[in-house]
Amino acid sequence: MTSSVIPPSPSAADYAAEGDRPLVPETDNPIGLFQDWMAQARASEPNDSNAMSLATVDADGRPDVRIVLLKGVDSEGFTFFTNLESVKGVQLAANPVAALCFHWKSQRRQVRVRGGVAPVSAAEADAYFASRAAQSRISAIASDQSRPLADRAIFEQRVAEISSVYGDDNDIPRPPHWGGFRLVPTEIEFWQDQAFRMHDRLRFYRKADGGWATVRLYP
């Protein structure tokens, strides 16, 4: 079945015009490789190079996925923030495992991550919340994220009321229903597009001693 809205598969001429792409480099530091790829994506993506799909599961084992923004990555893991009473917040509290997927079209690259999830400290959540624009903080306070909204005007009125409370005061505290999570990776897979679907895949998986092992995968 075909559709006019779906682009056709690349032709041999299309692949020839694009040229060769590098393979995923061998390394014992997948976090460092991810940071390198993120830096390259930031320089080439039109916006939100830190956007990622976050997959969770509900109490019945049904999957959910949505786009969120990565706000930190280091040897401890991948950090993001959210309303803790949102669907994802509730699901992560009940079943603290998740998967991430980054797709950078400009680089023809993808990174998949799986692992356990833990809340960040209150101090870390406070620090990030304070770094946000004042109006974004007010919006976070006002939002009952994922719950039914009878009329957008209700939300806008709530934002206006909270804004009037703080006025020009930039000291807007983090509400208790807002915080962050850190995904501690057990698997990280790097994918690089190659001609004729001969894509390159390198998977890192955590060893018992805390180090990383690698395996290349068929595309």
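First residue shown is number 1, and so on along the chain.
In case you wondered, yes, glycine gets a Cβ from its N, Cα and C as well.
According to Swiss-Prot, the features are:
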| type | residues | note |
| --- | --- | --- |
| BINDING | Arg66, Ile67, Val68, Leu69, Leu70, Lys71, Phe81, Thr82, Lys88, Gln110, Gln145, Ser146, Trp191, Arg201 | FMN binding site |
| BINDING | Lys71, Tyr128, Arg132, Ser136, Arg197, Met198, His199 | substrate binding site |
| REGION | 1-23 | region 'Disordered' |
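Where Swiss-Prot records a feature, it is marked here on the structure.
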residue	record	contacts (Cβ under 8 Å, 6+ apart)
Arg66	FMN binding site	Ser53, Leu54, Lys88
Val68	FMN binding site	Ala51, Met52, Leu54, Phe80, Thr82, Lys88
Lys71	substrate binding site	Asn50, Thr79, Phe80, Phe81, Tyr128, Gly180
Ser136	substrate binding site	none
Gln145	FMN binding site	Thr82, Asn83, Glu85, Ser86
Trp191	FMN binding site	Val24, Arg109, Gln110, Val111, Arg112, His199, Asp200, Arg201
Secondary-structure category, per DSSP, in which Gln145 (FMN binding site) falls: coil
Least Cβ-crowded entry, counting other Cβ within 10 Å, from the binding-site residues listed as Leu70, Met198: Met198
Among Lys88, Arg132, Arg197, His199, the most crowded of the binding-site residues [Cβ within 10 Å]: Lys88
Phe81 (FMN binding site): tally of other CB atoms within 10 A of its CB: 21
DSSP helix/strand/coil residue counts for the region 'Disordered' (1-23): 7 helix, 0 strand, 16 coil
Inter-residue Cα distance where the pair is Leu70 (FMN binding site) and Arg132 (substrate binding site), in Å: 14
Number of other Cβ atoms within 10 Å of the Cβ of Tyr128 (substrate binding site) across all protein chains: 19
